[in-house]
């Protein structure tokens, strides 16, 4: 950037320059200018009266001392100062005074150009060196287990029904493509017939490469599992039963069951996760590259005022990648009722599959998600609801890696938590549907379900709230502070528009030996502050970005040791995980407030170093923090953790005054 670039006119699309042109239009005609003209005219009359009095003083002092302007007034600076002061005040065409045009062209134009150049340099560096968000695909082992159930079901049914002509065809390894409707995407399905269910994925038209990569990954799983299913078919075609995990382990030793199935499910799930993650990362890189290149263009066109948009764009990109990687297949489970064909051999085979995995897990360390389907089948109500949520979080926490883009990781983690809370809500709905029948009511299961669901609301609501803070609130903090900084700067411009007219009267003071004396220096420093506010806000954002990375990376490296060390390692289940996440999110909130709060506060803090008076310090950091926290609190009222439960309403008749607030309800009029 060359010196003369500071005084170049910003493009018409520059947001800050548009605001300046609204306050100081180029044609110098506006109602605001007319109003200022009245004020400037009155001050001009006062100034001419002051000049008349100063002239009388100069004549008297000259006659008394025999020296031009006497001893009190400088013979060169004093007259020049008077001419400058009067020239700054006199209204010109449209009502604005020369001081206003001077502020626009000499103060505000360089201020905008300097801030724009600083921000553009930072954006170009980020666009070239920024790290793309690498998503994590959780639940691959669960998908492999579900697919194994379908393959084993059909293989056993075909083997058992071969003497009677049962010949349901096996689906193609890559599935069958079905065209979507007018408003829906195509789908690829693996159909295993009426009795053995199906699995299907959407084929998003906007991401064809990702859709095809996921289809091929599923095809590789089908091919690998089909050989294992053939072993099950030979063993269970005559309906034999292997009732316990110990018996399943013995059957493996006798080659009746495939060896190492749990380990293979885990490795196949990891391979599937890797392929999905790589495909989603490639898709995210394309989207992110386009987004960041557009951000550079936006920085050139809109200027420094779009500085906070970088963080929000990360949130939107992260939401896309998480949606791609966490999409679950549409599944119809195998039928095991009396109407199913060959119900006994199929049921025995699937029960043995669970027994084999349960037996082998004693010899191999599996993740919680490896046994999702097997464990949930016989779990209690609370585990069914909270299990998927805790497994998703555990998978995400265990697979997170150091990153140079911690804000992107925070955003991704927030969306994972929101998605996990949504999974738990669906699980709660399924539990309530299962408990809503005459048999459950007869044995009291519906009451137990309602009681457990009431407790699960706390965990689900807390998780959703933490996820919302990470995914939506924290990424918006820089944008909010940039907005506050701009509003403060615009208010300072309006202040300068009025104060500069009064400041012009200060130039009429004759008793000073310098051209810019103490009376004029204060106004000069205020204008200097107005000029520096945009670039200081941008530098604060850039510096906060770097320090935020260091702070969060340090926090990540120390958090596990500190939390588990201070609690003695007694962290049990989901409650400890939620407390840890809540505490860490609070610390991230404090980091955002302290670092990004400098965007609005640094101009005043820097001004104090060389005695520049403040122009707009109103505790913006605390106010923005309070506003964002209030928004989250209001949003929590509609938190999806509030799972509806059935139960009779409690009458509030006869409640005393102390209970009146809790008994109050809004009822619909008759």
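Each residue, glycine too, has its Cβ placed from N, Cα and C.
Source: prediction; values computed, not measured.
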Range annotated as transmembrane segment - as stated in TrEMBL, picked from 376-399, 568-591, 592-615, 616-639: 568-591
Of 336-358, 451-473, the range TrEMBL labels transmembrane segment: 451-473
Contacting positions for the transmembrane segment (526-548) when only residues 6+ beyond its ends and CB under 8 Å are counted: 16, 103, 107-108, 110-112, 114-115, 118-119, 122, 304, 307-308, 406-407, 478, 481-482, 485-486, 488-489, 492-493, 496, 499-500, 591-592, 595-596, 598-600, 602-603, 606-607, 612-615
